[in-house]
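Down below is the structure, laid out as structure tokens.
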């Protein structure tokens, strides 16, 4: 069984297609693994054993009937609990949606089902994707498989931990300010935030509409590309979805050739405040790229220093409006409806009980920032910063093909360390946020362990909008070089659970 | 309930100058909702025309209805507005249980159409120009039904029922600039504006604009200022005034109420008010202690709307003849005076006359019947002309019978009387009542002979050249035939038989 769970998604699909493994065997192996370790890891909020096995059986039947199978047919996947799944609970990590069974599938869910991917269940996350440690989940934190007393990152800590704990070879995340990339960095896995509009947001519960982007999480660059291809593409149900073909990500991941590429190191994303081991591993990665034939230059993006401030005005503003619908009227939690209270009172009691402190903090921040008389100073200025950051990127990409930086300034910190210090928590996303503000694409992949704590460090690669394939080309090259150097994948060094 | 103090309308106008602002919401007649594919059909089971998007379920997203945008542009063009090159939707944030997302997707500072005007004709034919501030796109809310209270309002109700079928139906909100200078005619201008707008919307084919069905709803904002003062007074906002008559009454009531408050030294409270059909009064609704903060911001779930200029020009070229111009053309074609055309409009006869013409009647006959016999009947029985129980096809049939000489005017009136009395169509009434012009030349000739024989002296006068005396003989023949003869033919026969040239 151990063998099956350690296979990559690409290998798994190949073995199912060739008949070496059945989809049911694969699903059962992962369900057994979840049963064995998830009590400790707590990556999942809901396990859909029946649904997963039914889907696996359907794949095996298809193969038996000689029907063609897609490139991910039968491969198990852990889905962040932010995508709606018809008939399967979707909580977004919040008490306010406890017990809600969506009547519809998100576009991504629908595409995965059509691709015969086996959805094992829904993964833990910071409530409404607000957080960087998964500690804001209303259902308890997730542990980092490298050290269960440490954070798995967030908001998509459940998906990243599921990959690192071999509970699934593929996972789905959403990235509003780093929620795919930062968990990938601290768990030694791969995560990609596609170009804004590259993956449909229909059925993805909104946190900040102009920043949210669903994307693939995996243990290898190629697996991420295969998943990216399966979920990407235009969706007429999402008006912000880009009407263009998915960039050739799988082809790029198979090529991994960076000779002649120009790579920019972002001056503002590094230096003081960064953990020495993180800086060291990042610098090694740059050397690796140079060694592979890429040309490396330093690039300055002066407006990035304002990114965090702008983000914490835009995201709360949009969330204050997006979360207004949770009013106890139509779905989810309802508190205090004893026949004596008004609708307003029931709404107030429900929101008081149903939203956690971080969600309340952001609703209040956003409500304030959008208020008449403050709009220009806060939301208006933040939008201007956004334009400046986009221009910084545009200028940078006139000179280089991709930019690189550490994904996050530190490795995984202990659970509980920053829960009472929101500002320290917000700093975790310093390097990832500019990408969301500009809407371009970025990847995090493992680049080694920090010598001082033996925990994974992530390398961030940033590409221009619609050039997602460049991430995979560079990522695959770096991955191959490191695996060759280490003699194995980084995750092999993680402790046994 | 306290009695609202009113000043007489004349006294109010002697002291104050009214300023109005009219906000009209029009439900578009698109097949599907503004941001999803749900049907907009009226009268369906509650909550049967809903989906994740119009219910605001977590994760759902809107997509703009192209026909909705097209209709908005058409309205904008017809109102002589500029059409935005690029505009966005905005979220208007406020809480109400019948609003699924607790924000309304609307437009804020970037409306699709702005800076226009609409010329409206008052009853005496005077044309008043109403300036248009903007026309913007938005979505309707669901519908709350408050159960168990006395008034149907939420106050005192035991519970409320929510129907989201209406949630997401496209609305166009048309806002006027402050209407100044209407003076005593302000209520009349308000009514004429809404009437003209309704005609326009119907002519564009973008909505049936049936006010009684809530497809067109009007808010009347009104303030008074002393004559000669430039700044506006504090306004009241009378919501959901839903008939033309009510618009006029609401404006008139508010003029009188404001004047009473101001002239007794009081101040007007800025508030929304409810209009009451029964007695034409308004009562206080919600007091706006401070301007409500809707925290508008650009809707991030929708891409901007940037209608290509070629499309706008194509729509402009395809606009139908606008009601006022159509009326002008018809007036010229019919060769009638301004006041005659105005009476046609005031009587609500225009569409009926046109329908009658379409059924084959000539314009003069159609106008004559609708504006004469039928208008009188409507007046006497206190109903709208359109509600008189006769169809344009039936009127056209009567006209055809007259034109063919089968009926004369007197008989035709009897036929119409029969139709209105429910005796059937014109032909049935003719048969049942035996109302045919006597066209049998033999019988008519005999009747003429009888009349000449019985009135020898008159016959001699006629022979002597006094043609005016013929009337007496014609009258005698008509009497003898019970009015069923063609008077013109009788005259010809009389003169012929007496050997006189007509």
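The first residue you see is number 1, and the count goes up from there.
Including glycine, each Cβ sits where the backbone N, Cα and C put it.
According to TrEMBL, the features are:
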{"type": "DOMAIN", "residues": "A:25-471", "note": "domain 'Amidase'"}
{"type": "ACT_SITE", "residues": "A:80", "note": "active site, charge relay system"}
{"type": "ACT_SITE", "residues": "A:155", "note": "active site, charge relay system"}
{"type": "ACT_SITE", "residues": "A:179", "note": "active site, acyl-ester intermediate"}
Whole-number Å distance separating the Cα atoms of residue A:80 (active site, charge relay system) and residue A:155 (active site, charge relay system) is 9
So what pLDDT does the domain 'Amidase' (A:25-471) average out to? 97
Cβ contacts within 10 Å for residue A:155 (active site, charge relay system), all chains included, total 34
If H, G and I count as helix, E and B as strand, and all else as coil, what does DSSP give for the residue listed as 'active site, acyl-ester intermediate'? coil
How many Å separate the Cα atoms of residue A:155 (active site, charge relay system) and the residue listed as 'active site, acyl-ester intermediate'? 5
Give me the non-local Cβ neighbours of the residue listed as 'active site, acyl-ester intermediate': same chain, 6+ apart in sequence, Cβ-Cβ under 8 Å, ordered along the sequence. A:125, A:126, A:129, A:132, A:154, A:155, A:156, A:173
Would you count the other CB atoms within 10 A of the CB of residue A:80 (active site, charge relay system), including those on all shown protein chains? 33
In the three-state scheme derived from DSSP, which category covers residue A:80 (active site, charge relay system)? strand
